[in-house]
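Asker: What TrEMBL shows for this protein is this:
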- 4-286: domain 'FAE' (DOMAIN)
- C147: active site (ACT_SITE)
- H226: active site (ACT_SITE)
- 313-394: domain 'Beta-ketoacyl-[acyl-carrier-protein] synthase III C-terminal' (DOMAIN)
- H315: active site (ACT_SITE)
- H319: active site (ACT_SITE)
- H348: active site (ACT_SITE)
- N352: active site (ACT_SITE)
Amino acid sequence: MIDQKRHQTCYILDYQCYKPTDDRMLSTRFCGEVIRRNKNLGLNEYKFLLKAIVSSGIGEQTYAPRMVFYGREECPTYNDGISEMDEFFHDSIDKLFKKTKIPPSQIDVLVVNISMLATMPSLSSRIINHYKLREDIKVYNLTGMGCSASVISINIVQNIFKIQKDKLALVVTSESLSPNWYSGNDRSMILANCLFRSGGCAIILTNKLDLKNKAMFKLKCLVRTHHGAKNESYNCCIQKEDGQGRVGFHLDKNLPKAATRAFVDNLKEIAPKILSIRELIRFTIVSTAWRILSYNLRKLGSRRPMINFKTGVDHFCLHTGGKAVIDGIGTNLNLSEYDLEPARMTLHRFGNTSASSLWYVLGYMEAKKRLKKGDKVFMISFGAGFKCNSCLWEVVRDLGDGNVWEDCIHNYPPKTLENPFLEKFGWLQNEDPSTFYVPDDYVIP
């Protein structure tokens with residue numbers, strides 16, 4: 001039994017985040033040009049987008065798919081999505097095999113999660129064909145799982161490791177934006193264009209005991225929460241058509257409420273697994289006392305007692321769903337700016353790269369040399385459905401590789417996270433809708 005337990009442990013051997021080439025970088029000026037090209041937008045939509053982008057926490061160095069730079073966002077081709085994924089696959093997976101010195105032929109399990117692009121053959125088959133993986137490889141191709149899909153992929157690998165010894169697994173996580181750029185004027189759908197950016201990550205995991213000393217992280221526990229049975233949660237984050245038949249990604253006003261409910265339910269289950277008995281007893285006593293005396297305490301302005309996750313967690317790896325998401329988690333868990341810094345900086349530098357966002361945040365911590373042997377890292381992700389998935393990792397050895405942050409980590413955190421959109425386009429706020437128009441030859445300042 002002891003030997004079996006030892007072989008069930010899930011380790012991360014290494015991971016490689018993807019950084020697109022500089023010719024895919026979205027400057028403020030080019031963003032303005034993309035917005036101007038959309039003839040379905042009016043002044044009110046411009047003002048809405050300006051407010052959304054200014055408050056988004058996203059900087060000028062995020063990346064978009066190539067078809068946007070070719071001016072084909074209204075009519076992307078099937079090949080646009082394929083080539084976007086191939087570019088990521090060949091860059092990150094190649095680098096990962098080179099770093100770990102593991103040949104593709106040794107991979108036993110392949111899990112690929114690309115939520116919004118389904119191909120025939122599947123994307124996992126493209127990887128198998130390109131790298132000539134083994135015929136007996138176990139393959140899982142996930143679609144429609146949203147931003148929390150990478151934790152789901154880890155869970156699949158974890159379950160396989162529980163019943164099979166000495167395996168190597170490759171997890172590939174990303175999102176294809178090329179076929180999913182929205183060119184209409186529905187505010188709940190154009191918001192996605194402001195937040196989502198290109199990115200991806202490839203990860204090699206193992207349960208081989210002879211590789212555990214080379215590993216970076218060890219999985220301690222993982223919890224998945226799904227509220228898809230609740231209509232409000234199911235519909236708050238969904239792909240659909242607008243009134244003109246244009247497909248887009250709808251973000252409902254009930255999204256914050258649905259996320260909070262899923263988050264709270266997830267914390268209730270994972271807290272006993274990651275916190276000390278002492279902290280759980282303390283919180284139980286204080287919470288009971290607060291409920292008994294709640295009326296008098298509220299009159300005195302006392303806040304509801306909060307559980308202290310820092311008693312069992314050293315670092316918080318948060319999904320970069322947006323500035324509001326990061327602020328909300330920070331408030332609910334009583335986190336400091338130091339705790340939130342990795343997520344804020346990742347949002348600023350890379351934007352919301354969907355399911356791969358967590359690994360850019362983890363890469364920031366590593367590049368800043370924060371991760372020391374024995375530290376606990378708490379990952380929290382949200383996704384359509386609505387889902388909240390979380391897991392706890394233990395750092396196996398001191399880490400300090402720059403990864404995707406290597407060439408820019410010295411610039412972070414910057415003095416300010418303000419982007420120049422308001423400076424360049426603030427004049428829109430004073431325009432009159434009845435007389436406003438954008439000339440065809442207008443040049444973005």
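Using the three backbone atoms N, Cα and C, a Cβ is placed for every residue, glycine included.
Curation plays no part in TrEMBL annotations; they are all automatic predictions.
Fair warning: this is a prediction, and the values are worked out from it, not measured in the lab.
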Asker: When the Cα of C147 (active site) is compared with the Cα of each of the active-site residues H226, H315, H348, N352, which one is closest?
Answerer: N352
Asker: Radius 10 Å, atoms counted are CB only; among the active-site residues H226, H315, H319, H348, which position scores highest?
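Answerer: Per the Cβ count, the most surrounded site is H319.
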Asker: What's the CA-CA gap between H226 (active site) and N352 (active site) in angstrom, rounded?
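Answerer: So the alpha carbons of H226 (active site) and N352 (active site) sit roughly 21 Å from each other.
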Asker: In Å, rounded, how far does the Cα of H319 (active site) sit from the Cα of N352 (active site)?
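Answerer: Distance (Cα to Cα, whole Å): 8 Å.
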Asker: Report the same-chain neighbours of N352 (active site): residues 6+ apart in sequence with Cβ closer than 8 Å to its Cβ, ordered by sequence.
Answerer: C147, L195, F196, R197, T320, G321, G322
Asker: Please report the number of other Cβ atoms within 10 Å of the Cβ of C147 (active site).
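Answerer: Excluding its own Cβ, C147 (active site) sees 28 Cβ atoms within 10 Å.
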Asker: To the nearest Å, how far is the Cα of H348 (active site) from the Cα of H315 (active site)?
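Answerer: Rounded to a whole number, the Cα-Cα distance is 19 Å.
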